[in-house]
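For reference, the structure discussed in these notes is given below.
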Amino acid sequence: MAAPVPPGAPRATNTPPPPPNYNPNYQRTPDSLAENMQNLQINRPPSVPNSTPRPPPSYIQSPPSHSSAPYSAPQHSAPFPRGAPVSRPGPSPGPQSGVLARPGMAPSGPPQSTFPPNMAPGRPSGYPISQALPFGSRPSTGSFPSPMGGQVTTSSGAPPSAFASSSAAPPSAFPASGFSAGPVIPPVAARPGVFASSPLSTGPIIPPSSAPGGPTSNGPPMFASAALQGGPRYPSADNTMQTPVGHPPTMMSTQAPSQPPTMRTLLGSTAPNVPPGPPVQTAPTAMPFSAAPQGVPPPSGSPYGLQTWPMQPRQVAPPPTIPGSVQPPRMFGMPPPPPNQSMAAMPPAMSQTGAPLAGPSKIDPNQIPRPIPNTSVILHETRQGNQANPPPPATSDYIVRDTGNCSPRYMRCTINQIPCTADLLTTSGMQLALLVQPLALPHPSEEPIQVVDFGESGPVRCSRCKGYINPFMKFIDQGRRFICNLCGFTDETPRDYHCNLGPDGRRRDAEERPELCRGTVEFVASKEYMVREPMPAVFFFLIDVSMNAIQTGATAAACSAITQVITDLPEGPRTMVGIATFDSTIHFYNLKRALQQPLMLIVPDVQDVYTPLQTDVIVQLSECRQHLELLLENIPTMFQNNRTAESAFGAAIQAAFLAMKSTGGKLLVFQSVLPSVGIGALSAREAEGRTNITAGEKEAHKLLQPADKTLKTMAIEFAEYQVCVDVFITTQTYVDIASIAVIPRTTGGQVYYYYPFSALSDPAKLYNDLRWNITKPQGFEAVMRVRCSQGLQVQEYSGNFCRRIPTDVDLPGIDCDKAIMVTLKHDDKLQDGSECAFQCALLYTTVYGQRRIRVTTLSLPCTSMLSNLFRSADLDTQFACFLKQAASEIPSTPLSQVREQVTNLCINILHSYRKFCATVSSSGQLILPEALKLLPLYTLALIKSIGLRTDGRIDDRSFWINYVSPLSTPLAIPLVYPRMMAIHDLNSHEGDRPLIPPTIPLSSEHVSDDGIYLLENGDDGLIYIGNSVNPDIMRQLFGISSVDVIPSQFVLQQYDNPLSKKLNELVNEIRRQRCSYLRIKLCRKGDASGMLFFSFMVEDKTAIGLSYVEFLVHIHRQIQIKMS
């Protein structure tokens, strides 16, 4: 007889279980692409689910209580009737529960592993590659220098200034020159290697131009059906060294001796630097990645080749500092503190030489704080010595080892020590908030998230607050009971989960159980979490075929992009597709295989819409692939003589929703003109605003609000039935994004904006955006809740979602790029020296159709000292919250007020630091906390950004607001303070250099007339060509010999010379880092394009704002006024 299986162990199935260290980021099958595509199958019984309407998800209910005790009332775990609504992770309003159903047995078919460490195995794990390497997949090691070159910094070896109460602190984000802060963290402004597709992508590949020596197009994709034959060859799975579930291998942990921060005056002379101690560097060979074999493309899950954790003996760390101890800031000339004493950083001082305040001319612009990039990779352990380690900057390049707290990719807090009281937080002027990105892409070198299956009983939870088991729950009474770290309630341990405690008070099996030693873990949802089969993967495409869309080429671009991405949809019987077109009427297509060709069904009534067929409008992809391809090929010609200018956008999405209502799924809409007829028709409000100038100026912000509530009401119903809408706006006119965007925003979708749409340069971006949209790691029909320790509570959620009850967020769709901001408030005092925990639970359906609960836990120390708050502030997260709050204010508040609020937030924080933490210095100095020294620069950049400028188009500003809403932390700063780099001298950076050249401050004095510069903000790229550039360099890069012939529509080509090759490599590396296919626009001095480029020079004085130096003087003056 078989031995009983303990909960948490893998369940027995007919298919062999994956190995314990199975990493779906790596290709399992070395040879055949066809086998690789099998991995995309989603398990689902052959029968198509019946078309009964899906019940809207209920208000959070928890699984029924266990009779074995962790839950309060004993209950039978009887399965639920089908009608019971979808439940979510959370406290139960009533005794019973119901949640989205998952088959009792593990599904047969593809491996039961995981919706990987955020990946569906076998799917492209990075941004797609369209044509001749548009994202330029990284060649195998050796072909050009690693972008990771340079020193490897462990985040445990930082100076005490960064985080005084912990022995292991990261160095300041971007130490300004003159600051010595130990090994420096690079500001590579996004996740490294998010575009992990291998050079041989599964999508169509664009053949190089056949002309010998001709340019290889990096532009619009073409069809290449043969590209898929004889799929790519990957290194065999046994080459990959994978990390087992038990004790992770030792991590590189070399530490630099603590160094005192130095300080500097900004007005007048520079203060002498205290020489730093020599940083202890790892041996040059100890790279964080082992090299891939020469000539073999890396596996698709990893843009860096095959990586393993370096195995190295630990080196002795400096003695820990005393948490919470306060030391006076050090003035110039003071000796460095002994290594075991932590000191507050005394940041750049602006010394005053005159009586009132020295004029700006006294400031040396080269001495003011600026971001300083670095190429080193940080190895970050989330906890050391039972203390939380503050995370590296979000914009840096880091590899995380989860040692109890979750990776900062999944959850970051604005302050890494939690103030004990609301008064202390108010005094600091800072915000207390979390930025949660539950499905964020991991670094390819990180251990995959472990999947834990507790069988029918489901995961162990607190019976009072319903918090999930995590490393910070304390077991007592020989392991028979446990205390919840969130609400403090003591529960009985379920009998089959019992384990004795070791001498240290921890369970003896803690290191073997991921849920007891990892900050992020994924539980298989038991039957209590479902009331019906998880939804199939449904993709419905809705294409605008009005006259304008046809004539601009937008319809043809959309059809071409969809044709190419069909190959990337998950294979198998669970994948279903549908398609419709619309102008002033709606056209559905019957794609049933039995028909000779697709049949068009027209819905003329756009006021009271309906779906012409209950079946056959959405069919299995395997049944209709040929019909679908034929139809997409013919749509542009079928409508080529269309003279209908109207668009029934609202009616079309309502009709598509009715077709999808019984299943839910993704609705992808391609829209080119202002919706003008039918439900939700809109008028050209922008023109009305312009003609009535006086009213327009007084209430200009009202044009950024939806025109009426029609579309919002529809969106709430879509969200209820799990339909997620993405809108691709390919337009050359005003389309009222403020009104249209309500739908994607409420349903967990996204707005993509191509203005002015160009049939030459935009189809490549449209295809890549669409492909990444459907292939990136994502979940359907999700519900999220954040819980926190007693003393704190969630105040507000913000992002792209729908909310029907205060505690939960409903997400018809959630993916790896979307973040949700969670603001927190005190409802009681916290105890100094204790820890405060935050837990995010996301219940979702994977692309396989498996129901999962991803649980992310972060535990941070509490402090009653203001200086600790400033030391442990997280600049990236603080600024991302500033940005999101400003964006949410813009539609309801006059712009001048929003700009003032943003400036005051910055002033209040710096005033509080100046008043309470830096009292030693004279009033003539501007003192900036080390962790926040770049806050004034980013605040100024935000004030001058598109969203807060009055001179922009209404749609551009609406798009900016909607882009910011789900924006992740690593992309927040680049949006307002883009990266600028010189590209005319790429050839001079020879040797072991990173792909990305050094960044340049955003000031016109750094832009010379004989240079060429690339500026990118994570979504768009501008290349500025000076008037006196060497014609030879222009010819090499762009194939033009004079600035006068710069094309307005530009596609980056690769020419046969080293400079062009380096520029293409650079652009592809940025696209990979940013998870976005940057459009490139050429700019020149003296016309609109040049003005656009210089509008990003945020350090210059402009009509709408001060220069950076003047802004620092303004802030200093405001602080002095407050002090007096």
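Glycine too: its Cβ is placed from the backbone N, Cα and C atoms.
Any TrEMBL annotation is an automated prediction that lacks curation.
Going by TrEMBL, these are the annotated features:
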COMPBIAS  1-22  compositional bias 'Pro residues'
REGION    1-179  region 'Disordered'
COMPBIAS  46-58  compositional bias 'Pro residues'
COMPBIAS  59-87  compositional bias 'Low complexity'
COMPBIAS  155-179  compositional bias 'Low complexity'
DOMAIN    459-497  domain 'Zinc finger Sec23/Sec24-type'
DOMAIN    534-774  domain 'Sec23/Sec24 trunk'
DOMAIN    779-863  domain 'Sec23/Sec24 beta-sandwich'
DOMAIN    874-972  domain 'Sec23/Sec24 helical'
DOMAIN    997-1066  domain 'Gelsolin-like'
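With helix defined as DSSP H, G or I and strand as E or B, the domain 'Zinc finger Sec23/Sec24-type' (459-497) counts 3 helix, 11 strand, 25 coil.
On the 0 to 100 pLDDT scale, the domain 'Gelsolin-like' (997-1066) averages 93 in the predicted structure. By the Cβ criterion (distance under 8 Å, sequence gap of 6 or more), the domain 'Gelsolin-like' (997-1066) is not counted as touching the domain 'Sec23/Sec24 beta-sandwich' (779-863), fewer than 3 such pairs being found. Using the rule of three or more Cβ pairs under 8 Å, pairs at least 6 apart in sequence, the domain 'Zinc finger Sec23/Sec24-type' (459-497) is in contact with the domain 'Sec23/Sec24 beta-sandwich' (779-863). Within the domain 'Gelsolin-like' (997-1066), the DSSP-based counts of helix, strand and coil residues read 23 helix, 13 strand, 34 coil.
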